[in-house]
Amino acid sequence: MTGAQRWVVKIGSALLTADGKGLDRNAMGVWVEQMAALHEAGVELVLVSSGAVAAGMSRLGWTARPSAMHELQAAAAIGQMGLVQAWESSFAEHGRHTAQILLTHDDLSDRKRYLNARSTLRTLVELGVVPVINENDTVVTDEIRFGDNDTLAALVANLVEADLLVILTDRDGMFDADPRNNPEAQLIYEARADDPALDAVAGGTGGALGRGGMQTKLRAARLAARSGAHTVIVGGRIERVLARLKGGERLGTLLSPERGMLAARKQWLAGHLQTRGTLVLDDGAVAALAKDQKSLLPVGVKLVQGSFRRGEMVVCVASDGREIARGLSNYSAIEAQKIIGHSSESIVRELGYMAEPELIHRDNLILV
């Protein structure tokens, strides 16, 4: 993990609370100390934090996790306040700024909102801010019961194109048998995320405060692998676990993707999106895409055809109609009509704002 420069770190409820008696500020301080050290070493960091419901339960004096939706949502709303304040104050002690982001799965399934969230997160990371992400439990419906922050963390890893997803849990990793029942159980140090043999050993459920058992963690690793991210499922009670992972120590279970990041992303783009429009390119843009594999700039587009929204797939063709590439447009068809033929520096003048300097970024282009 020494070469991974963008990490998504997910910390479960059991590691942030004092045996269900509210947030453990000392434990959170230890986590922040480790994450601040990673930051100092040049790692771009996104934190997915559980604990809001558990913190709210403690404030309300509840000892058992309620099953009623409205009670869970009330606990989440109350606990989120203290959770964010605790992270903010702890990171401030190390000179680090934080930003709160509450997401639902709908935010990441709607392409326009997905792109907006991605732009915001990338900007925060580039500013050296640590985004603190949680599921917006107070407004979702069945997600609060069936959703989990392991899955959210994997989707965030896809969103920010992370190199590494670290899922910190109260177990040391994945075992070939349940270590609570079998003293001969062996830790699985490394495997492919898509290995079907892992399904048989990922049984069990989460604890009383959390929602995610090992099955959800395996599913999260497979989601993260779609964009080429590695996942480490590792015990959060291991001393200096993040620093030791950064140093290359073999801890927990490393689940690797089948393909590299770019190849996985290209396959996802090619296989899962329908085209919504066409961009007719000039000869210079055709050469820039086909030979130099550069991004598509507005200046190289002659004509916009069809109706598409920001984030939808469009076909890029040469003047003679030959298909050159496909990609995700950073602008809608209406916006693209206004900026084609102009330099990137002119986008603000034409639209009044600039979402991205490219019409299609090269990472979102597939040559055909």
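Just so it is clear, glycine is given a Cβ too, placed from its N, Cα and C backbone atoms.
According to Swiss-Prot, the features are:
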- Lys10, Thr169, Asp170: ATP binding site (BINDING)
- Ser50, Asp137, Asn149: substrate binding site (BINDING)
- 276-354: domain 'PUA' (DOMAIN)
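Here the binding residues for ATP are Lys10, Thr169, Asp170. Their largest Cα to Cα distance works out to 12 Å. Proximity to Lys10 (ATP binding site), judged by a C-alpha distance within 10 Å, picks out Ser50, Asn149 from the binding-site residues Ser50, Asp137, Asn149. Put simply, the two farthest-apart Cα atoms among Ser50, Asp137, Asn149, the recorded binders of substrate, are 11 Å from each other. Here the Cβ of Asp170 (ATP binding site) has 14 other Cβ atoms within 10 Å, regardless of which shown protein chain they belong to. Straight-line distance linking the Cα atoms of Asp137 (substrate binding site) and Thr169 (ATP binding site), rounded to a whole number, equals 21 Å. Under the DSSP three-state reduction, Asn149 (substrate binding site) is assigned to helix.
Separating the Cα atoms of Ser50 (substrate binding site) and Thr169 (ATP binding site) is a whole-number distance of 11 Å.
Recorded residues Thr169 (ATP binding site) and Asn149 (substrate binding site) have their alpha carbons 12 Å apart, per Cα-Cα distance. Counting other C-beta atoms within 10 Å of each candidate's C-beta, the binding-site residues Lys10, Thr169 are led by Lys10. In the predicted model, the domain 'PUA' (276-354) shows an average pLDDT of 94. There are 27 other CB atoms within 10 A of the CB of Asn149 (substrate binding site), with all protein chains counted. For Asp170 (ATP binding site) paired with Asn149 (substrate binding site), the C-alpha to C-alpha distance reads 15 Å.
Taking the binding-site residues Ser50, Asp137 in turn and counting surrounding C-beta atoms within 10 angstroms, the largest count is reached at Ser50.
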